[in-house]
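Take a look at the structure set out below.
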Amino acid sequence: MRQYLQLLEDILENGVEKEDRTGVGTLSVFGRQLRFNLQDGFPLVTTKKLHIRSIIYELLWFLKGDTNVRYLQENGVTIWDEWADENGDLGPVYGAQWRSWKGADGKTVDQIASVVEEIKRNPNSRRLLVNAWNVAELDKMKLPPCHYAFQFYVANGRLSCMWQQRSVDTFLGLPFNIASYALLTHMIAEQCGLDVGELIFTGGDVHLYKNHIEQAKLQLTREPRPLPKLVLKRKPSSIFDYEYDDFEIVGYDPHPTIKAPVAV
């Protein structure tokens with residue numbers, strides 16, 4: 001995960017000061033890419049401890065098509081609480097767009113089911129794409145998608161994934177995003193009888209909030225440790241039937257947690 005640390009250094013050295021929606025302010029760079037070979041291990045940042053439970057339950061929540069934080073809260077995950085309304089609703093965010101994209105004709109599209117089926121049927125397709133940036137529904141969302149699209153690519157029996165992210169909270173958010181898309185790639189690869197290949201992140205406005213700068217500098221003093229391995233303990237009949245206990249992270253030995261405030 002040294003490439004992640006190099007991105008932190010890049011922002012600290014080259015970032016432009018910008019004001020932002022949250023009022024916190026950022027150091028920002030534009031247009032950055034990271035690549036991870038999933039054969040080398042599961043890409044969990046080791047220079048600080050990540051809350052794996054939140055990463056797994058959030059992805060399962062997305063895949064359920066759920067947009068209310070109740071499921072997350074029942075499972076000890078609070079990462080979406082700041083944006084939810086008094087009933088726990090977030091509007092048509094990721095889960096709604098992934099599982100029930102509303103078209104102009106009023107019909108809905110299950111993009112996840114469609115892309116899994118297409119990978120199985122036509123792995124050479126260049127249309128293995130899921131999009132969460134539904135312009136017609138952005139104003140109904142409590143937070144428009146930061147990671148707004150992802151594409152799969154099959155070659156030599158391996159499934160690779162590239163995701164696009166318009167806005168990147170590099171200290172708090174990006175380590176979660178990396179792990180989440182790695183997990184999704186492993187799950188879909190298993191469902192499609194494939195091995196995993198490469199995970200690629202492409203970011204637009206890639207930034208450090210000003211109240212994360214000292215934490216990032218602390219993280220840069222730490223030496224990365226070996227990556228853990230992901231074990232999928234069973235193969236469910238569907239991508240939608242995975243449960244929390246189906247996943248095991250083996251050999252995760254991170255440095256201690258570094259606390260930082262969330263910019264809302």
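Note: Cβ is positioned from N, Cα and C throughout, glycine not excepted.
Among Asn14, Asn134, Asn177, only Asn177 appears in Swiss-Prot as part of the dUMP site alongside Arg21, Arg126, Arg127, Arg166, Ser167, Val168, Asp169, His207, Leu208, Tyr209. Closest to Tyr209 (dUMP binding site) by Cα-Cα distance, out of the recorded positions His51, Cys146, Ala263, is Ala263. Binding of (6R)-5,10-methylene-5,6,7,8-tetrahydrofolate is attributed in the record to His51, Asp169, Ala263, and the widest Cα separation among these residues amounts to 18 Å. In the three-state DSSP reading, Ala263 ((6R)-5,10-methylene-5,6,7,8-tetrahydrofolate binding site) counts as coil.
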